[in-house]
Amino acid sequence: MKAIYPGSFDPITYGHMDILKRASKIFDEVVVLVMKNINKRYFFTFSERLSMVEKAVEGIQNARADSYEGLLVDYARKAGIKIVVRGLRAISDFEMEIQVAHINKAMYADLETVFLMTDPKYSFLSSSIVREAASFGGDVSLWVPPYVEEALKRKFSGST
């Protein structure tokens, strides 16, 4: 059974990767889908985010990266995927995610959402926290892979 793990991944963190690795043990294939949310302003470009996700899936045999600029349900339907994986850090995540899951289900009746609780050591972690810490020169190596840390340093130094 295939699953989609969608997100902005701006940038991908060890919290995202924890959910990905655990999902890859449950499902036959996991597509990590880099998406655009019209309500978000991104730090990294779409292609930069996809490139980082491609590196993140390299060591996971049954995971692959992809990107899409439309509705998740449209991608899922076209790809024949009926499972969406989402990570939850706190009850506030659940409140938003349950709404999205219901909307997705209304648009694609066969689509189910599976929630995985994040590892407690990542329960505070978000891409925005990583970006903020990196913007002040903080050490983000506990939260992101080395290639993401380097990309953050390049962006904040102005040498993209």
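Glycine is treated like the rest: Cβ placed from N, Cα and C.
Lifted from Swiss-Prot, the feature list:
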- S8, F9, H16, G87, L88, R89, E97, Y122, S123, F124, L125, S126, S127, S128: ATP binding site (BINDING)
- S8, K40, L72, R86: substrate binding site (BINDING)
- H16: site 'Transition state stabilizer' (SITE)
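What Swiss-Prot annotates, mapped onto the structure for a quick look.
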| residue | record | Cβ neighbours (10 Å) |
| --- | --- | --- |
| S8 | ATP binding site | 18 |
| H16 | ATP binding site | 24 |
| K40 | substrate binding site | 11 |
| L72 | substrate binding site | 20 |
| R86 | substrate binding site | 21 |
| L88 | ATP binding site | 17 |
| E97 | ATP binding site | 16 |
| S123 | ATP binding site | 13 |
| L125 | ATP binding site | 20 |
| S127 | ATP binding site | 23 |
Rounded to the nearest Å - Cα separation of L125 (ATP binding site) and R86 (substrate binding site): 15
S123 (ATP binding site) falls, by three-state DSSP, under coil
Residue from K40, L72, R86 whose C-alpha is spatially nearest that of H16 (ATP binding site), among the binding-site residues: R86
Filter the binding-site residues S8, E97, S123, S127 down to the ones within 10 angstroms of R86 (substrate binding site), Cα to Cα, kept in sequence order. E97
One should report the C-alpha separation between S8 (ATP binding site) and K40 (substrate binding site), rounded to whole angstrom, as 9
